[in-house]
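If you check Swiss-Prot, you get these features:
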TRANSMEM  3-23  transmembrane segment
TRANSMEM  48-68  transmembrane segment
TRANSMEM  89-109  transmembrane segment
TRANSMEM  116-136  transmembrane segment
TRANSMEM  151-171  transmembrane segment
TRANSMEM  192-212  transmembrane segment
TRANSMEM  225-245  transmembrane segment
TRANSMEM  253-273  transmembrane segment
Amino acid sequence: MHIIELIKALILGLVEGATEFAPVSSTGHMIIVDDMWLKSSEFLGKYGANTFKVVIQLGSVLAAVVVFKDKFFELLYLRKGEVRKGPRLTLMHIFVGLLPAGVLGVLFEDYIDEHLFSTKTVLIGLVLGALLMIAADRFGKRTVAQTVDDITYKQAFIVGLVQCLSLWPGFSRSGSTISGGVLVGMSHRAAADFTFIMAVPIMAGASAISLLKNWQYITFDALPFFVVGFISAFVFALLAIRFFLRLINRVRLVPFAIYRIVLAAVIYVVYFA
């Protein structure tokens, strides 16, 4: 085992954790950091590297669970004390929000994996996602849902429809859902909270299915890389989520949209210029 490869695993976990929940496309960053620089497939193998990315994504999911643990306890009626009165987020809101993309994802998973995962499609997704985010800040409705507990079923469903755009690689799940939320009258913070809470079951489920299919690639020799990457992703996702939630109502989405366009330009220059 080489220390340099452990450092690469740590860096990949950092990139995953820092970008998974920000509206900047973790896929786009992995193209630059892994495919163009660290090349995890060289020390983990092609399928081992893909499994590694699933494992570090679970580190990010765990971070979201920690940040929103009180809300998850409330959703599952496990929170001690008096139950919140009045409007509140429920499991039905989550289900309604997940339904559209969940159905399309199951129906077209193989097609997406085979035909849509390429550098060119990610580049297109980065730019189109940026335009959606700019449009959300410019044309979003007057805020009627200040907090995640004010969200209606209609808003949740529309956000779910917009989330279907994230099936296109590079579009970004959080970028599409936060934009969709703002467009239908959620505050930026409410849209972000709903996005992150909704991401946990769908990411955990997808990762679990992938691991069941590919668990054999987590070998004894490769295990240290998986552990380091998982812990790194967890720590940096924890920091990134908390930082983003403090930031989003102040800076809104346009700065992230500009960053995405710059990232797309870098990928274009490196791959196509």
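Cβ atoms are placed via backbone N, Cα and C, with glycine included.
With pairs at least 6 apart in sequence, the transmembrane segment (89-109) and the transmembrane segment (253-273) have fewer than 3 Cβ pairs within the 8 Å limit; the two do not touch. Only sequence-distant pairs (6 or more apart) were considered; of these, fewer than three Cβ pairs between the transmembrane segment (225-245) and the transmembrane segment (151-171) are under 8 A, so the stretches are not in contact. In this chain, the transmembrane segment (116-136) does not touch the transmembrane segment (192-212); fewer than three CB pairs sit within less than 8 A of each other, excluding pairs fewer than 6 residues apart. By the Cβ criterion (under 8 Å, sequence separation of 6 or more), the transmembrane segment (89-109) is not in contact with the transmembrane segment (3-23), since fewer than 3 such pairs are found.
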